[in-house]
Amino acid sequence: MSKEIKFSSDARTAMMRGIDILADTVKTTLGPKGRNVVLEKSYGSPLITNDGVTIAKEIELEDHFENMGAKLVSEVASKTNDIAGDGTTTATVLTQAIVREGLKNVTAGANPVGIRRGIELAAETAVASIKEMAIPVHDKSAIAQVATVSSRSEKVGEYISDAMERVGSDGVITIEESKGMQTELDVVEGMQFDRGYLSQYMVSNTEKMVAELDNPYILITDKKISNIQEILPLLEQILKTNRPLLIVADDVDGEALPTLVLNKIKGVFNVVAVKAPGFGDRRKAQLEDLAILTGGTVITEELGLDLKDATLEALGQAAKATVDKDHTTIVEGAGSVDAISDRVAIIKAQIEKTTSDFDREKLQERLAKLAGGVAVVKVGAATETELKAMKLLIEDALNATRAAVEEGIVSGGGTALVNAIAALDKLSEEGDIQTGINIVRRALEEPVRQIAANAGYEGSVIIDKLRSEKVGTGFNAATGQWVNMIEEGIVDPAKVTRSALQNAASVAGLILTTEAVVANKPEPAAPAMPPMDPSMGMGGMM
């Protein structure tokens, strides 16, 4: 396929047109009075959203050069979303502002390499200032404030803060679609895995069809139990303690299962058998997690252990185990705190190293089951369109909250970015490097200008007043009042704010130093078929 090439200002100007189209679409959603954007989908109802990265990903432009500019800004939004989970619209606004001011100077004869160095230096300094401003987040009310600002909903703020309070910062919070119209929070404490009892005759509560074991021993093995003789010595030891037994094994079949069921029905002892969770290496890891949580040992040939030789010391213990037809939940395992902490540290290290999103998700689930719990926010709405929009809002709020817990919070509404300008006053460079610093200085005001504009105010007037206000005071676009942003609960996660600036500066610098753009030439349209002569092709018909 032949290529089309543009150079110098022609290339940068073409990309800038694409950047403007995407950014102008996305930035209308910024702030408490931001508007929605309607996205046409290939099937189903349109999606109504104010999520920056979702909008950016949908935009495809006909002109290849413009489309490349748009895609570079979309990449900024995606990168910010991957790192911080929110702040995608802010990142888009910052990128547009830096590139726009940078192109003016490059067109006027400035050296783009010098400007890029100035942009990078200014961004690095502003990021350090944002980190210094950050206030640690620990209490539930601060978490609720972050979630409320991100989602523009106090109700969502309550759900997220309740979930984080109950499962902890290491817990997993998932978002699902509810079957009803109400949004609900469901929390599972302890370790739960998706395996149920192997026989319904093992239930102790026939009304709920649930097997409940109080203070049980837990046999954990990767072996298949087919012969009751394999575990008979162990069963005799457990019988003397008069405590129930939960068996977690690769499978229980053959004569072993009916023998266990018969003894359960006769009341000889209380036993429930379930299959081990997961498959392959993940099964092995989950069984080890379960053993550490309950203070037991995985009975496996890899360690030279045999079921016939197992003693009570090899069994795990817990305060309670509940088993239904699909799930097993173990609460208050008897494992040592130190062993669990060591295991948590290992899993966290694996999360840091992995490059697979799927592996990361599974590792986080394991971490939650050991260190916290699992909370499920079930989103309900009157229509499918509203449900999709609500789900995106809650996902953003959840990501913002996690980022806040990780690196703290700063004044919201773009105020922290304007406050960071003071740190740039300490930088004194020459020539084009100083020009790059001044470009970032101007760009840091842009989110506040846009938030004000979306709320119907003149951005320049708001910025002029904000410059004279003390640090931390900002403009509440929702009410039109000047307030202490932190005290008012208008806050942003520091991680979101600094990620937006870092990613915007990085891509803007690359665009400004671009000297040539190579795009595929549009394919010429295929010639239309000539109309058919009526006298041809039908001659055989009378």
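Along the chain as shown, residues are numbered 1 onward.
Backbone N, Cα and C define each Cβ position, glycine as well.
Cross-referencing GLY157, GLY408, GLY413, GLY431 with the ATP binding residues that Swiss-Prot gives (THR29, LEU30, GLY31, PRO32, ASP86, GLY87, THR88, THR89, THR90, ASN476, ALA477, ALA478, ASP492) picks out GLY413. In the three-state DSSP classification, ALA478 (ATP binding site) falls within coil.
Neighbour counts of Cβ atoms within 10 Å were compared across the binding-site residues THR29, GLY31; the minimum falls on THR29.
Ranking the binding-site residues ASP86, THR88, THR90, ASN476 by C-beta neighbours within 10 Å puts ASP86 at the top. Long-range Cβ contacts of ALA478 (ATP binding site) within its own chain (separation 6+, distance under 8 Å): PRO32, LYS33, ALA455.
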